[in-house]
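Peer 1: I am attaching a structure below and will ask some questions about it afterwards.
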Amino acid sequence: MNSFLKKPQVLSLTANILASSAGFISIWVLVRLLNAADLGMWMLYLTVFAFADMLRSGSIQTAFIRLVADSTYAFVKGSAWFIALAITMLLIGIFYISLLIFSFSHVFPIPAYYPAILFFVSLPSAMAIWFMQSEGKFNIILYIRLLITLPFLLFNLSGFFFPFSLLEVIEAHVICNALASGIVIVSGWAEIKEIVFINKKSLVSLFRFGKYSVGTLIGANLLKSSDIFMINWFLGPSAVALYTLPYKLIELIEIPIRSFATTAMPLLSQYSARNDIKAVQGVFNRNIGFLILLIIPFAVIGMWLADSILLIIAGESYMGSADIFRCFIFYSLFLPLDRFLGITLDCLNKPYLNFIKVAASVIINVLANVYVLNAFQSPVAVAATTILTIICAVIIGITLLRKIMAVNLVCIFQEGFRTMSQSLHKILPHKV
């Protein structure tokens, strides 16, 4: 049992559960304390930051882990730091220039310096998480995630006793991220001193891989953020709140998917570097099969109790989100396959194929959103398009991956049942 609890997947899952739980409780608190318009603006603020962070992580994270599998750490960390810092400053500059050229005040009234400062101060924490992931130190990732989320949760809970405004929530969010990064730097986890060690070969390798993975992650983020931006444009921030709340609930289902993907990525990269396709298939099948079987019972319960769940969490004013929630639950059944198709293509050194998959998905999603928003003017219709989009993404991903290795859905479920059975034996040795 002790050895099971120390497994990378368990540590990664624990980190994601605790961090996501803190984030989920924060959302629950803000739903209770902010009006619908302010909550929609908060979601929009998070979406802007998430999009910028996705650009940064897309340029570095996967490329860094893939490069480490092929070489030593020498100069790779320094090159990663250099690129990440350059991208951070570039995106902040582009953000401010865009605000000077275009007027977004009617859709984004939050002061521009808040997301810019947040993006800068969150860099050390992001770098530390990527470094620890490549080294398999998931216990430290757990500490970092808690450093970021717990102080902000405590601030939000204080709102029941000391009322705050939307801008005060944003300021607290920025300060909590800055404090976490400060602790990460002092602890040495961010390894900021490595920035002096820069190697041209590492820079070129990171850039060549990163140019595709950043495009992939831009597309992945657009799949989420485009829904929010388009709903805000067509229907307003109150509709954004109705749409985003159930999506935040679905992030609970995404916790094990993110955790398993985090631990599988270094392993897939190592097997790919050795050209061991059979081992890659094993990791691919086991993870997807296990995750789908894990999600199914929760999906059934969620479909059945959608109205009650939303009533308990958000109150009667958000009961209109029940059908949106059901759409997202059905969508979540395809997430394990979609996520692992993408990271496997990346780890097999085929990031351009993953980019094709995601780009096609974005086009399908945006076109579908334009149609349903004009035809139905309902966030429920937008949620329904996510199902169409992910089914198309899975079909495209399987087609592309089959150019490199076999993808068999029967084998995926067989390996999933086997892995589930083995896990239960380790947890409940006397009962299974």
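Using N, Cα and C of the backbone, Cβ positions are placed for all residues, glycine too.
Unlike curated records, TrEMBL annotations are generated automatically.
Residues or ranges marked as transmembrane segment by TrEMBL: 12-31, 43-69, 81-106, 112-131, 143-164, 170-190, 288-313, 355-374, 380-401.
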Peer 1: Should anything in the same chain at least six residues away from the transmembrane segment (355-374) have a Cβ under 8 Å from its Cβ atoms, list it; otherwise answer none.
Peer 2: 212-213, 215-216, 219-220, 222-223, 226-227, 230-231, 234-235, 341-342, 345, 381-382, 384-386, 388-390, 392-393, 396-397, 400
Peer 1: Which stretch, 43-69, 112-131, 143-164, 380-401, tops the Cβ pairs under 8 Å count with the transmembrane segment (12-31)?
Peer 2: 143-164
Peer 1: Thinking of Cβ pairs under 8 Å, which stretch from 143-164, 170-190, 380-401 has the most of them with the transmembrane segment (112-131)?
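Peer 2: Looking only at 143-164, 170-190, 380-401, the most contacts with the transmembrane segment (112-131) come from 170-190.
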Peer 1: Counting only residues 6 or more past its boundaries, what in the same chain has a CB within less than 8 Å of a CB in the transmembrane segment (288-313)?
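Peer 2: Tertiary neighbours of the transmembrane segment (288-313) are 28, 31, 245-246, 249, 253, 256-257, 260, 319, 321-323, 325-326, 329-330, 332-333, 335-337, 340, 412-417, 419-420, 423.
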Peer 1: Hey, which bits of the same chain come close to the transmembrane segment (380-401), Cβ under 8 Å, at least six residues off its ends?
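Peer 2: Sequence-remote neighbours of the transmembrane segment (380-401) are 223, 227, 230-231, 243, 246, 323-324, 327-328, 330-331, 334-335, 337-338, 341-342, 344-345, 350, 353-354, 356-358, 360-361, 364-365, 368-369, 372-373, 407.
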Peer 1: How about long-range neighbours of the transmembrane segment (143-164): same chain, 6 or more residues beyond its ends, C-beta under 8 Å?
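Peer 2: Residues 15-16, 18-19, 22-23, 25-26, 29-30, 32-33, 125, 128-129, 132, 172-173, 176-177, 179-180, 183-184, 189 contact the transmembrane segment (143-164) from elsewhere in the chain.
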